[in-house]
Amino acid sequence: MAKTTGNILLAADDEFLLLSIKLLLEPHFTTVKTENNPERITALFDREHFDVVVLDMNFRHGDTTGNQGRFWLKKILNHSPDTQVILITAFADIQVAVDSIKEGALDFIVKPWQNEKLLSTVKAANLISQEKRKVRQLKSQQKTLVSALDKNYEPLIGISTSIAAIRKTIEKIAPTDAEVLITGQNGTGKEVIAREIHKHSNRADGIFMTLDVGALSESLFESELFGHKKGAFTDAKEERVGRFEAAAGGTLLLDEIGNLSLPLQAKLLTVLQHKKIVRLGTNDPVDVDVRIICATNANLQAMVKEGKFREDLLYRINTVEIHIPPLSERPEDIPQLLLHFLKKYAQKYQKAYLSVPDPVLTALQKYRWPGNIRELQHAVERAVIMCEGEVLQLEDFGSIQKQMSADFTFDYLNLEKLEAWAIRKAIAKHNGNISHAAEELGLSRGALYRRMETYGI
Ligand SMILES: Nc1ncnc2c1ncn2[C@@H]1O[C@H](COP(=O)(O)OP(=O)(O)OP(=O)(O)O)[C@@H](O)[C@H]1O
């Protein structure tokens, strides 16, 4: 007969009791130890973990109050809360038994015991103890994972009035479980804001999970969100929980919600309405305990009008709506964001004391940033890598400089600036060939050189 994994301690001063229970349990468990001196119990626990302790309530010979057993019961549970304690007494004192169970003992056995009953009680206690330990381990694993995931956390940076208003809204809505819809162009910080809501909510100790629902095929949608039982479909080789269950107690960000097909929108609406999911291959509804935040770069109101997005789903998900304007509409946020990314990448690439001169900063504030903050972040990383010396130049930011020239919108009608721009553009167009550039500009080579000197080109 295979032995069950379990470390069992028998604690009593009655040698006959110790021996007979040891003989009964040994064929069934990997380790069975005995201790006849209660003073040594805590020292034993310092050395190893016991799953179950079978403890004599009347340790000291002649003590019939059960107080000795209750004393050691408390000590054991203080030391090792997962350990299950079974008490043994010769006296069927129901009150003592009830009190001990209230104080944390699992069960109570009266002498003379029935072997079958004692064995099944120890087996059950061993199982409970190991399950409790597993749950404790999983909880601590979850804590570690949550804090590891939190390393991706970027603080919400910005001083613009729109970011200040968003911060205020976050303060108000974070402690509630209200559904939030975050809208804004790609790279504006929708995920950053969703994380900020989670971090300030009562769910902050739970997990924050993101799912790009727009990228899910019809066939994957249900198994990814609701999970499946083993064998629920051909590829379901093993049981798997879906995101709704995996994020239980936390927050789930459903990104790119505007890309969800109409049939999948209907499925999502059903879950949000009933707050229950059913794993594929089962019939058991499971309660959903997760805060849903949706994000999109699409105009869902317009999509409703076009019949591409369900109106009832929109009203389900947008109890509160947060719109993040594109970066070009809040250039006052750029200096702070720039400094933040500069610090981050200077540390990453071990380049201390980097600085950005004012003209470069002004140029960066004028740029349109079609990729928003993500583009700014990548541009700063590139500049940190490419810069020679400690002062960043516009060229270090890569293609931005070229695009800025292409984007030149003549929004400043200063003749000198226009002339300098035309000269730079002509030289770039002719790959640095001054004769050809001068010809295009209608100038002699000498006149072009003089102007280049004036403008520091
Ligand atoms: N206000 C902000 N403060 C600091 N970092 C930000 C801010 N907004 C965005 N970022 C950074 O910019 C990058 C893009 O942000 P995020 O992924 O949140 O944008 P998004 O709108 O969700 O993008 P997409 O629509 O492409 O999913 C991230 O690296 C993020 O850390």
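From the backbone N, Cα and C atoms, a Cβ is placed for every residue, glycine too.
Just so you know, TrEMBL annotations are computer predictions that nobody has curated.
Remember, predicted model here, so these are calculated numbers, not experimental data.
Residues or ranges marked as domain 'Response regulatory' by TrEMBL: 7-126.
If you look up TrEMBL, you'll see Asp56 marked as 4-aspartylphosphate. Following the DSSP three-state reduction, the secondary structure of Asp56 (4-aspartylphosphate) is strand. Of all the Cβ atoms in the protein chains shown, 26 others lie within 10 Å of the Cβ of Asp56 (4-aspartylphosphate).
Among the features that TrEMBL reports, domain 'Sigma-54 factor interaction' is placed at 156-385.
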Quick check on the domain 'Response regulatory' (7-126): DSSP residue counts for helix, strand, coil, in that order please.
55 helix, 27 strand, 38 coil
Can you tell me the mean pLDDT for the domain 'Response regulatory' (7-126)?
88
